[in-house]
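Structure record follows, encoded as structure tokens.
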């Protein structure tokens, strides 16, 4: 039976500062490193053994995966990285303080930019220090497909081809697949797997550093409800994510 393990990266330095991060490459905070280590301990304690790893191209997801797999004694498994698993591109909001952005735009527009399904923030200018123009990570990617801003709908559009064409093959061969990625790329994947509506996806918050497990059937649909390896910590973490921007 295919098994999928989703891990949102641990707290990053910009999560700690309450900044919109998106495609800006920042590292894990000290707390984030601890969360990643705990994720690995949970994998080992619960006997969930990934056979192959997928991550985004961003350091915080890569760090999380490396720390977790070392704790789980699985650092040796094959690794694949793709920009298609990157966080949502937050456009002109990248690098901005969430609380200040809330004050500037008001709660309705802030929530629209942050949580609506199909409304992206204003695009980032190529001259911005938080733009990815010229970033070496993407030098082999067609520049016409690289975003300057994204909604969750656009994240799903660029994520699903990679899921269907690449990740699915490992799952269908019976492997346990671990994906270490980001709040919005993982929300998009969970939406696809669970058939969550465009309206209801706004309510889904994925906590940092706690493995979420899907047991899938031969059609890669959940054969039972998904579950966190630490449900109590996951509930508290999801509530903290929901409150971001309010301090």
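Each residue, glycine too, has its Cβ placed from N, Cα and C.
Fair warning: this is a prediction, and the values are worked out from it, not measured in the lab.
Looking up 12, 131 in Swiss-Prot for phosphoserine, the annotated residue turns out to be 12.
Per Swiss-Prot, the annotated phosphoserine among residues 29, 82, 185 corresponds to 185.
In Swiss-Prot, the feature ubiquitin cross-link is assigned, of 44, 57, to 57; the remaining candidates carry no such note in the record. For residue 12 (phosphoserine), the nearest of the recorded positions 31, 57, 71, 116 in terms of C-alpha separation is 31. With respect to their backbone Cα atoms, residue 14 (substrate binding site) and residue 175 (ubiquitin cross-link) stand 34 Å from each other. Spatially, by CA atoms, the recorded positions 71, 127, 183, 191 include one closest to residue 57 (ubiquitin cross-link), and that is 183.
Reported as a whole number, the C-alpha separation between residue 185 (phosphoserine) and residue 87 (active site, proton donor/acceptor) equals 6 Å.
Straight-line distance linking the Cα atoms of residue 49 (phosphotyrosine) and residue 88 (substrate binding site), rounded to a whole number, equals 28 Å. Taking only the Cα positions, the spacing between residue 127 (phosphoserine) and residue 88 (substrate binding site) is 20 angstrom.
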